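*Asks:* Please see the structure below; I have some questions.
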Amino acid sequence: GYESETKMVTSDGGGGGKLRKVLGLGYWVQGFRCFPWLVVSFYLKDGLNVDPSTLQILQNSANLPMVGKPLYGLVSDSVYISGQHRVPYIAFGAFLQALSWIIIAISPSNISIFTISIYLLLSNLGASIAEVANDAIVAEMAKQSPSTTKHRQPSSSGNLQSFVWIAGSAGGVLGNLLGGIFIGRFQPQTMFLYFGLLLALQFLITISVPESSLGLPKSPSVGIRNQLSQLLVALRKPEIAYSISWFTASYAIIPALTGTMFFYQTQHLKINSSVLGISKVFGQATMLLWGIIYNQYFKSVPPRKLISAIQVTMAFFMISDFLFVRGFYRQMGVPDSLYVVIFSGFLEVLFFFKILPFSVLIAQMCPPGCEGSIMAFLMSSVALAFIVSGYLGVALASYIKITGSDFSGFPHALLIQAACTLVPTFWSSCIPDKVESKAKRKDS
């Protein structure tokens, strides 16, 4: 029955081992995607000589396939392939990614910006399809956790989310570490080829695991039209609609200045690529640690309080970046490279910290049967918010007249960014605080 099946979330044998193998590998590989993407940033800057605004536009535009996640979620929820509706989509996503990166690897070194953009879009299409299926499995299994057995701890409802978060972060740590080491020793095409072969291996491993062995809850195929109807009904629920709206806006309202900061650190400060790699490793390591700390200590904290605290912390570190660009830390004797490794690396991943508690919250509110659709809609909204944030950052940098050689207005832009980050905290009441406690009352 379902009780024995869902115990797999905390076991290592049988179906639980296979579930963790599929999900662990899937999230680890997605975290490892930073390995080729770190190379892409340098390749666009040094190989194709793009400016900061163009770099940021290309990076954000490559994420456009992520906006289609609700469609992939609807298809995954309602269209079964040989009796399976999760594993085939994970495998197909891995195949698309492997194909795109291998093609980039064997393409001539003078590839055009347009051509490489098409391949990067294809890669992110595959990544988003795989992520939707992985997220749906997590939502299906984690939503059952509180009621599996009366002997389970109430706080275990986020165990699976924490597990995949840690797997993804571990992939990010290794990807950035190897990327920082290899970037000056291998050709970009070689690194793209290695990642493509890794994805091909994931594809082969995934198709070797039958979905029936994972013990997923059985739900009949209801068709895309009915699935869409269920999704719309779920999104009309005030607690879901308000929560996702606030969460999306909390990202979209922030003008991202990642491209400008990348050029400031590499062009103006002459920070070595290996230092940036170590910075990203430090950031991913804190994400890994966050998954462990959240699972141990913060699951009982009301979601609204925790997410708002993360939002305020983001603004604090942006003000710290303002002081960094003004030379404050340098005057105190702190080397630029040390600040970049610790503070820049941490701020980069801090944006993602609130996704973990929010995904746990949404998984608890998901109506049965449309977990994939809801989680896909959420991550699509976040992806769109990041794209809007990136374009706002380009507009802000252009308005203040920041270029690849003139960063005089950069401190002012960072202060505006910090102020925008604080704005959503005034409407944090959109996030419910009672959902987790309700689950606990059912469990007791």
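Using the three backbone atoms N, Cα and C, a Cβ is placed for every residue, glycine included.
Automated prediction, rather than curation, is the source of TrEMBL annotations.
Values in this document were obtained by computation on a predicted structure and should not be read as measured data.
Heads up, here are the entries from TrEMBL:
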TRANSMEM  89-122  transmembrane segment
TRANSMEM  163-184  transmembrane segment
TRANSMEM  191-209  transmembrane segment
TRANSMEM  240-263  transmembrane segment
TRANSMEM  275-294  transmembrane segment
TRANSMEM  306-325  transmembrane segment
TRANSMEM  337-362  transmembrane segment
TRANSMEM  374-400  transmembrane segment
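Describe the structural context of these features.
*Replies:* Same-chain neighbours of the transmembrane segment (240-263): 41, 45, 51-53, 55-56, 59-60, 234, 307, 311, 314, 321, 344, 348, 351, 354, 358, 361-362, 365, 374, 377-378, 381-382, 384-386, 388-390, 392-397, 402, 404, 407, 410, 413-414, 416-417, 420-421, 423-424, 427-428, 430-432, counting only residues six or more beyond its ends whose CB sits under 8 Å from a CB of the stretch.
Same-chain residues lying 6 or more positions outside the transmembrane segment (275-294) and placing a CB less than 8 Å from one of its CB atoms are 31, 34, 38, 158, 162, 165-166, 168-170, 172-173, 175-177, 179-181, 183, 265-266, 337, 340-342, 344-349, 352-353, 356-357.
Within the same chain, residues 135, 138-139, 142, 157-158, 161-162, 165, 240, 243-244, 247, 250-251, 258, 261, 265, 269, 271-272, 275-276, 278-284, 286-287, 290-291, 294, 298-299, 301, 303, 306-307, 310-311, 313-314, 317-318, 320-321, 324, 329, 374-375, 378, 382, 431-432, 435-436 sit at least 6 positions outside the transmembrane segment (337-362) and bring their C-beta atoms closer than 8 Å to a C-beta of that stretch.
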*Asks:* Counting only pairs at least 6 apart in sequence, do the transmembrane segment (89-122) and the transmembrane segment (374-400) share 3+ Cβ pairs under 8 Å?
*Replies:* no
*Asks:* Who are the chain neighbours of the transmembrane segment (191-209) in space, where the CB to CB distance is under 8 Å and they lie at least 6 residues beyond its ends?
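*Replies:* Same-chain residues near the transmembrane segment (191-209) but 6 or more away: 18, 21-22, 25-26, 29, 32-33, 35-36, 39, 87, 90-91, 94-95, 97-102, 104-106, 179, 182-183.
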